[in-house]
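Per Swiss-Prot, the features are:
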type	residues	note
ACT_SITE	K93	active site, proton donor
BINDING	D37, 59-61, 91-100, Y217, R235	substrate binding site
Amino acid sequence: MAFATYEERASVHASPVASKLLRIMASKKTNLCASLDVRTTAELLSLVDQVGPYICLLKTHVDILDDFSMEGTVKPLKELAAKYNFLIFEDRKFADIGNTVKLQYSSGVYKIVQWADITNAHGVTGSGIVKGLKEAAQENSDEPRGLLMLAELSSKGSLAHGEYTTGTVEIAKTDKQFVFGFIAQRGMGGRDEGFDWLIMTPGVGLDDKGDALGQQYRTVDDVVSTGSDIIIVGRGLFGKGRDPTAESRRYRDAGWDAYLKRCNAASN
């Protein structure tokens with residue numbers, strides 16, 4: 001059973017956040033994560049209202065927002081997440097020592113741990129980063145929180161490959177309940193050791209091949225067939241001249257079709 005269904009995985013997953021996310025994916029029939037990098041709260045909330053019915057996960061970079069506030073941004077964002085049944089992933093990419101990331105996660109302007117179901121981290125500083133972030137989650141949130149490790153990136157010339165990727169996977173193994181997956185371009189293994197990593201893949205496009213700043217796009221079928229569970233799509237949903245509702249529906253359908261193909265191939 002190389003590729004179990006989302007429902008099967010949800011029922012036995014070690015991570016409460018992963019189980020919740022997998023259940024949402026199964027019930028909404030979507031493996032689409034919308035990445036909405038805009039500069040105002042009004043733009044963000046408007047886009048979320050359009051794509052919300054079609055996504056399982058919203059990926060944010062709140063430090064891009066010129067007008068971020070807990071009351072004006074986070075509160076309505078959480079309300080939309082409840083309305084449309086999706087989780088929130090703040091793409092913070094923590095990359096410091098344990099004590100520092102603990103404070104970055106819990107404190108400051110953004111207080112990420114209070115509202116983001118999921119965040120992520122680089123493995124460059126070692127396993128202390130996982131410990132620091134988990135402590136912040138335990139001390140500052142009554143809701144379950146989960147961490148993704150950045151194993152691979154979609155940008156041209158990325159150094160996240162080879163020994164770095166292998167080392168990052170080893171760091172992820174230090175906490176099975178808190179670390180539940182990776183940002184990666186393919187499956188990261190681990191099933192023979194009892195790990196069920198969720199793989200989220202950026203750089204997915206149905207139309208575009210790349211941009212002038214080094215982004216490289218792969219097709220939905222390609223990333224799902226090689227082990228990705230969630231496709232992360234940004235400008236493909238709301239870029240110039242695009243209808244966010246229509247595009248999110250199109251990517252949702254493409255992602256779900258690719259998932260069904262993977263399940264069928266595994267059962268044959």
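A Cβ is built for glycine as well, from the same backbone N, Cα and C atoms used for every other residue.
Just so it is clear, the model here is predicted, and its values are computed rather than measured.
Sequence features, as recorded in Swiss-Prot, placed on the structure.
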{"residue": "D37", "record": "substrate binding site", "CB count, 10 Å": "15"}
{"residue": "T60", "record": "substrate binding site", "CB count, 10 Å": "27"}
{"residue": "D91", "record": "substrate binding site", "CB count, 10 Å": "21"}
{"residue": "K93", "record": "active site, proton donor", "CB count, 10 Å": "14"}
{"residue": "A95", "record": "substrate binding site", "CB count, 10 Å": "16"}
{"residue": "I97", "record": "substrate binding site", "CB count, 10 Å": "12"}
{"residue": "N99", "record": "substrate binding site", "CB count, 10 Å": "12"}
{"residue": "Y217", "record": "substrate binding site", "CB count, 10 Å": "20"}
Task: Three-state secondary structure, which DSSP defines for the residue listed as 'active site, proton donor' - done: strand
